[in-house]
Amino acid sequence: FNVVNVMMGVGLLSLPFALKSSGWIGILVLWVMGIATNYTAKALCECADAVTKRQGAGSGPVGYEEIAEAAFGPLGRLIISAIIYVELFGTCALLFILEGDNMFKLFGASSLASNPSTYMLLAAAIMIPTVWLPDLKALSFLGAAGVTATCTVSAAVAYTFLSGSFTPGAPTDLANWATLPLVLGICTFCYSGHGVFPAIQKSMQDPRQFPQAMVLNVAYLVVAILCTLMGAAGYYMYGTGALDLITFNLTGVLAAVCASVILVNPIAKFALTMEPVSAALQSAVPGGQQGLVRLVVRTVLAIAILAAARSLPFLAHLMALVGSFMTISVSVTFPPLCHQVSGLSDRSPRFGMSVKCCVTCSGVTSLQQDKKSV
């Protein structure tokens, strides 16, 4: 639930807008990026396992930062960590924006709030306390709620499509080459979560089950199918009139229901997405892992994200910026680089079996390899 929850959300709801920019060819881009990011997620998990074995079981949790340091040294850790934290910071800001926009659409101007920016303050009163939960295991219940909310919105869009409750004949295009780069960022954003995956893996009772028990494959397949259905149905119904969030195109009671349900999603994802950044700040502050200091560090960070969200520009363009540079770097580029440099790329099952046979036949009882980081 945490894996699916951290990936699905804002990107899923923006896919009809992405196809508006790319045309139907964006569906192909969506699946290509899904396959690519699934592979890089598994590569990242292998790197985390290798670093854990190298450091020893009692060395503490291994995150993306430790993987980067093992592969590229202290400078590599600094650069990659900065990109990861900026990406996660921006994603958390998007969650505040989504919550404020949906609350404004649902309730409109009122005595409590007159615009989406003000509604963000009300949303913060609910979202910020979630960062006080003790660990990621406690967040799995929020993860289930977030997945349920996203599936409910997907069902609402499917119902609108199947019932014909839309104006037919919306103009669509096969391919829009000039604006195709925009869909690349949003499609990658739909599968982003690599900065959090090592933390989720270590929070499991048996971390080995994360890549080996089809957890990643099942999660990615669920996300890919829902994204395809959401994007295709939304683009077919609204075409070039698709707004930056599909819920904004819906009308009547269904729109109110979707706006209400989708309010759960940012609340469910906020603490999970912010976790790596919070953990890094806590490690830099004396006593950051302890009670009151931990609470203060996380609260101050959440307030800083809120302040940034209230000054950020148009939602879909911001998603494209975060997705195109930060998310592609974290989810596509760095994991295979770390995997290659760490010397794990030659550890395929066939390679391992061949080494075992050679060792057995030659009578060698042990084989030790000491791979140095570059």
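Just so you know, glycine gets a Cβ as well, placed from its N, Cα and C.
As annotated by TrEMBL, domain 'Amino acid transporter transmembrane' applies to 1-339.
The transmembrane segment feature in TrEMBL is assigned to 6-32 (among others). Listed as Cβ neighbours of the transmembrane segment (6-32) (distance under 8 Å, sequence separation of 6 or more from its ends, same chain) are residues 94-95, 98, 143, 146-147, 150, 153-154, 172-176, 179-180, 182-184, 186-187, 189-193, 196, 200, 219-220, 223-224, 226-228, 230-235, 237-247, 249, 262, 265-266, 269, 272-273, 315-316, 319, 323.
Taken from TrEMBL, the feature transmembrane segment covers 78-98 (among others).
Residues 95-97, 99-101, 103-104, 107, 112, 142, 266-267, 270-271, 274, 278, 295, 298-299, 301-303, 306, 309-310 of the same chain sit 6 or more residues outside the transmembrane segment (118-134) yet have a Cβ under 8 Å from a Cβ within it. Under the heading transmembrane segment, TrEMBL lists 118-134 (among others).
Positions annotated as transmembrane segment by TrEMBL: 141-162 (among others). Tertiary neighbourhood of the transmembrane segment (141-162): same-chain residues 1-2, 4-6, 8-9, 12-13, 130, 226, 229-230, 233-234, 236-237, 246-247, 250, 254, 257-258, 261-265, 267-269, 271-272, selected by CB-CB distance under 8 Å and a gap of 6+ residues from either end.
Feature annotation from TrEMBL assigns transmembrane segment to 174-197 (among others). Residues 3, 6-8, 10-12, 14-15, 17-19, 21-26, 29-30, 33-34, 37-38, 40-41, 44-45, 64, 84, 87-88, 91, 210, 220, 223, 227, 272-273, 275-276, 316, 319-325, 327-328, 330-332, 335 of the same chain lie 6 or more positions beyond the ends of the transmembrane segment (174-197) yet place their CB under 8 Å from a CB of it.
Panel annotation: around the transmembrane segment (218-238), residues 3-4, 7-8, 11-13, 15-16, 18-20, 24, 26-27, 30-31, 34, 37-38, 41, 150-151, 154, 157-158, 160-161, 166, 170, 172, 187, 190-191, 246, 249 of the same chain, lying at least six beyond its termini, place a Cβ under 8 Å from a Cβ of the stretch. Feature annotation from TrEMBL assigns transmembrane segment to 218-238 (among others).
Sequence annotations record features per position, and here TrEMBL assigns transmembrane segment to 250-272 (among others).
Marked as transmembrane segment by TrEMBL: 315-338 (among others).
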Within the same chain, the residues 6 or more beyond the ends of the transmembrane segment (78-98) and with Cβ under 8 Å of it are 9-10, 13, 64-65, 68, 72, 116, 120, 123-124, 127, 192, 195-196, 245, 262, 265-266, 269-270, 273-274, 276-277, 280, 302, 305-306, 308-310, 312, 315, 318-319, 322, 326-327, 329-330, 334
